[in-house]
Amino acid sequence: MVPVYYWLPALGCMGMGFMFLNVSAVAEQFRSLFSLNYAGLGVFLSAPFWAHTLVQVPAGLVVDRLGTLRTLALSALLCAAGGFVPLLLPHNMVLAVCMRMLIGLATGLLFLSMVSAVKTLCPPAFMSRAQGLQGAAFSLGTMVPFIVLPYFGESGWAAAYILGGLMSVALLASLLCPPLAPLRRETRTEPTSAGNVLRVLGQVARNRRLWFIGCCHGFSFGTITALGNWLSVMLADSASSGAVAGSSNAEAWALPTSLVLLAGTMARIAGGELGRALPKQKLLVALVLGIGLFYLLLALAGSTWMLLACAFALAVCCGGTYASVFTLTIEAAGASHTATGIGFMSMLANCVNVGLILLLGVVREYLGGFAPALALSSVCVLLLLLWGRSINWKCREE
């Protein structure tokens with residue numbers, strides 16, 4: 001029988017990954033539905049990530065004090081609402097944006113409660129593997145829309161909403177399973193006074209290791225989501241020799257995009273195993289260096305197939321960082337502030353993530369291509385690594 005610390009995070013994170021990119025897989029349908037240009041589409045696609053970013057630290061405090069199981073149930077209910085409610089007024093963009101932001105808030109709670117559940121349920125010897133599988137499930141969820149939704153044709157936008165809602169309902173039903181008893185026995189260990197909250201936030205915000213890890217995660221997780229949002233357009237542009245590609249051309253590259261996301265999925269599993277055998281800090285730095293270099297190669301790619309090959313390599317480097325990121329974050333935050341520390345780190349990561357999605361969309365709309373944005377991203381990654389060399393990883397207060 002598969003242990004609960006494997007299947008529960010896998011179920012939750014797969015649904016979360018699906019809800020992050022279900023709109024992206026049929027983005028051209030939504031662009032037509034709401035009459036958007038590429039810059040407007042970038043804003044619409046980034047809506048859940050703005051909310052996901054802002055809720056990270058509050059979500060960590062909620063998980064630490066409300067409890068993992070209650071937070072899981074609340075987040076599943078909100079995700080289901082975000083999936084089903086837009087169907088009531090499908091042409092209302094305000095409602096669509098609000099529900100996408102609700103999904104961003106809900107997935108912020110869901111993600112941190114899943115990390116907390118793994119910490120509570122998983123034996124330490126299998127922690128890195130569990131985190132790798134959790135990350136792989138998220139990546140698999142981001143890939144599924146690109147495989148499944150094209151089969152629904154012009155109704156793909158509606159299927160995107162419905163399938164996301166159904167996955168949330170399945171997660172909610174799974175919370176009734178007996179193996180979750182340790183989560184039901186959780187108790188609060190700290191008072192919830194404003195002074196205590198500010199003290200915890202101050203400790204977390206002064207931790208330079210969390211800042212570095214968060215930015216690294218932003219350029220790994222953020223790159224995966226940016227590829228999911230924009231890679232099909234990049235490939236269509238390249239295939240049409242730099243001309244603006246039609247919507248059908250972009251959708252024709254959905255399968256290669258899903259394969260790139262699959263590479264990131266498998267890399268997360270491999271990264272979880274490597275994290276058990278290699279120093280996690282050195283592994284993280286090496287993979288982030290690869291991200292910076294492959295961003296540059298992606299910007300310089302002269303053909304569609306070279307671009308696709310660089311995207312594969314970039315996704316592998318991004319996926320491999322996942323387990324190391326969260327193991328190092330748990331170590332840096334300390335046992336008593338795990339969820340808050342992870343929330344702060346994830347907030348930083350999502351700021352980078354949102355920035356990447358918007359940067360690529362705006363540059364594509366107004367400069368006619370993605371290369372300048374990719375080159376700038378490469379420079380930012382390399383500067384981050386230079387700053388990271390000043391951090392003393394052996395000092396707990398660093």
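In case you wondered, yes, glycine gets a Cβ from its N, Cα and C as well.
Features reported for this protein in TrEMBL:
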type	residues	note
DOMAIN	1-392	domain 'Major facilitator superfamily (MFS) profile'
TRANSMEM	6-27	transmembrane segment
TRANSMEM	71-89	transmembrane segment
TRANSMEM	101-121	transmembrane segment
TRANSMEM	158-178	transmembrane segment
TRANSMEM	210-232	transmembrane segment
TRANSMEM	252-271	transmembrane segment
TRANSMEM	283-300	transmembrane segment
TRANSMEM	306-330	transmembrane segment
TRANSMEM	342-363	transmembrane segment
TRANSMEM	369-388	transmembrane segment
Selected stretch (most C-beta pairs under 8 A with the transmembrane segment (6-27)) from 71-89, 101-121, 158-178, 210-232, 306-330:
158-178
Residues from the same chain, set at least six apart from the ends of the transmembrane segment (252-271), whose C-beta lies under 8 A from its own:
25, 132-133, 135-136, 138-140, 142-144, 146-147, 150, 224, 227-228, 231-232, 235-236, 239, 283, 287, 308, 311-312, 315-324
Restricting attention to the domain 'Major facilitator superfamily (MFS) profile' (1-392), give the mean pLDDT.
84
Return the stretch with the most CB pairs under 8 A relative to the transmembrane segment (306-330), choosing among 71-89, 158-178, 210-232, 369-388.
210-232
